[in-house]
Amino acid sequence: MPNGTKLAKSFLWKKCDSCNILISKFDFYKHDKVCPECNYHFPMYSSERINHIIDLKSWIPLYNNLLSGDPLGFCDKKPYITRLAENQKITGLDEAVQTGIGRINNISASVAVMDFNFMGGSMGSAVGEKITRLVEFSTKEELPIVIISASGGARMQEGILSLMQMAKISAALERLQSKGLLYISILSSPTTGGVFASFAMLGDIILAEPKAVVGFAGKRVVEQTLNEKLPPNFQSAEYLLDNGFVDLIVKRKQLKKTIHMILDLHN
């Protein structure tokens, strides 16, 4: 196939990562990046998720001035500070989470949306601080909070500083929930590592997208550690639902309506 034809095809069609059918780009975006054939939910950018659940022109971003430093002077294949700059340029984001307030079908809420495209959605000190401040803002203003997780876990380039964010966010959520305020946690694929082991699983209501990968360590690591074969659906949203760790699996098309229903019932 000529290169020009391949390029034109890539602009017009999207191949499903699950069932391999070709989806027209029109249908792909019409269905909110969900395969119309097999219901596979493609990853979304944080800005797309905000546009998907927040009422038009109601989004007010908060804490955009918080950026990660490099206190450890960490360097693997390249310096951490260089890696941050590259991800900022590629994604147009300052960090792996967007935080702010907005309305969901006319109900005000604080919202944090993680973005896997920024360093695998990893949680460093800036991500932890942004979410913590948003939780504290919600507590002060008596607002419900919605957090959409998409993360590989704690950011290794920040060492213990990234791990302490797990406890910091969890403590802030405890103060919010002790005031009777609502926290809705939404698990998208993947939600793993330190994010899974902390705030993602602390919601009063925990929702998940269909077939989302949710768990702590990778399946292969767990199998090698335990020397046992795990169930085929292990670390899936459906497995967690069957075992009581998730309250509801919600298709993307129904997500805003479902969040609004829960917020309305709580109000």
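Please read every residue number as a count from 1 along the shown chain.
Placed from the backbone N, Cα and C atoms, the Cβ positions cover glycine too.
These features come from Swiss-Prot:
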type	residues	note
BINDING	C16, C19, C35, C38	Zn(2+) binding site
DOMAIN	12-267	domain 'CoA carboxyltransferase N-terminal'
ZN_FING	16-38	zinc finger
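Within the chain carrying the zinc finger (16-38), a Cβ under 8 angstroms from the stretch's Cβ atoms is held by residues 44, 48, 52, 251-253, all 6 or more beyond its ends. Ranking the binding-site residues C35, C38 by how many Cβ atoms sit within 10 Å of each one's Cβ puts C35 at the top.
According to DSSP, C35 (Zn(2+) binding site) sits in a coil region rather than a helix or strand. Highlighted in sequence order, D17, S18, N20, I21, I23, P36, E37, N39, Y40 have their Cβ within 8 Å of the centre of the Cβ atoms of C16, C19, C35, C38, the residues recorded for Zn(2+), and are not part of that set.
Packing around C16 (Zn(2+) binding site) is summarised by its Cβ count: 18 other Cβ atoms lie within 10 angstroms of its Cβ, all protein chains included. Across the domain 'CoA carboxyltransferase N-terminal' (12-267), the model assigns an average pLDDT of 95.
Long-range neighbours of C19 (Zn(2+) binding site) (same chain, six or more residues apart, CB within less than 8 Å of its CB): C35, E37, C38, Y40.
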